[in-house]
């Protein structure tokens with residue numbers, strides 16, 4: 001959406017026509033919300049903006065057949081290294097030499113994905129934040145093999161889609177999640193020890209640190225399964241790092257399929 005709205009030609013690829021129809025509809029709805037604010041006093045300009053944006057967007061279920069005419073591939077599939085590597089390996093065969101590959105992963109090593117291809121120097125991370133149309137940040141990740149030219153192109157692209165890029169080396173969680181996930185886990189441990197209630201911890205961080213959500217609200221919003229997946233991955237990389245220690249309570253809730261907002265219950269209940 002943000003790439004198409006900023007004048008880029010975009011091909012959105014997914015596994016079925018059904019998913020793509022749903023995605024396109026979601027983008028249309030999102031654009032309508034954007035135009036309500038952006039073109040509040042010029043509804044005609046808003047309609048034109050939506051039409052123009054949607055013209056820049058086509059869909060496909062076959063990544064290999066569309067990759068030959070692209071300058072940049074941004075992968076945002078399931079957070080599974082093997083599945084990602086398989087995709088990149090396949091696309092590497094069909095993409096032109098100049099094409100840059102980027103992953104939107106929030107927690108997996110970019111270097112390992114780059115190594116699945118023959119274009120390690122044209123590979124980096126572009127980590128967008130949810131919801132992307134609203135959030136201004138993009139983390140641009142440079143591996144030891146990423147060329148300066150590739151890095152600069154990824155920074156320029158981030159700016160061209162109206163975002164504020166920050167740069168980080170390929171380290172677990174990059175900047176935001178490297179600080180945010182251990183913070184959320186520490187909140188769970190504080191609660192597990194019985195030092196404070198989850199409600200009081202949330203209120204304390206909202207009023208004391210000025211955060212828009214408390215750590216338990218945020219965990220429920222992100223998804224307890226996602227948070228567990230990230231911490232388990234980091235724990236296996238650095239088993240002796242206390243910040244990456246798993247939490248018995250988090251594991252229990254995930255086992256009970258209480259995954260947060262999306263399932264109606266996590267640390268809190270939702271109607």
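Just so you know, glycine gets a Cβ as well, placed from its N, Cα and C.
Curation does not apply to TrEMBL; its annotations are automatic.
What you see is a predicted model, and the numbers here were worked out from it, not measured in a lab.
Straight from TrEMBL, the features:
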type: BINDING; residues: 30, 37, 106; note: CoA binding site
type: DOMAIN; residues: 1-171; note: domain '3-hydroxyacyl-CoA dehydrogenase NAD binding'
type: DOMAIN; residues: 173-270; note: domain '3-hydroxyacyl-CoA dehydrogenase C-terminal'
type: SITE; residues: 127; note: site 'Important for catalytic activity'
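Within the group of recorded positions (37, 127), the Cβ with the highest number of other Cβ atoms inside 10 Å belongs to 127. The two recorded residues residue 127 (site 'Important for catalytic activity') and residue 30 (CoA binding site) have their Cα atoms spaced 20 Å from each other. Neighbour density around each Cβ, counted as other Cβ atoms within 10 Å, peaks among the binding-site residues 30, 106 at 106. Note on the domain '3-hydroxyacyl-CoA dehydrogenase C-terminal' (173-270): DSSP counts are 65 helix, 3 strand, 30 coil.
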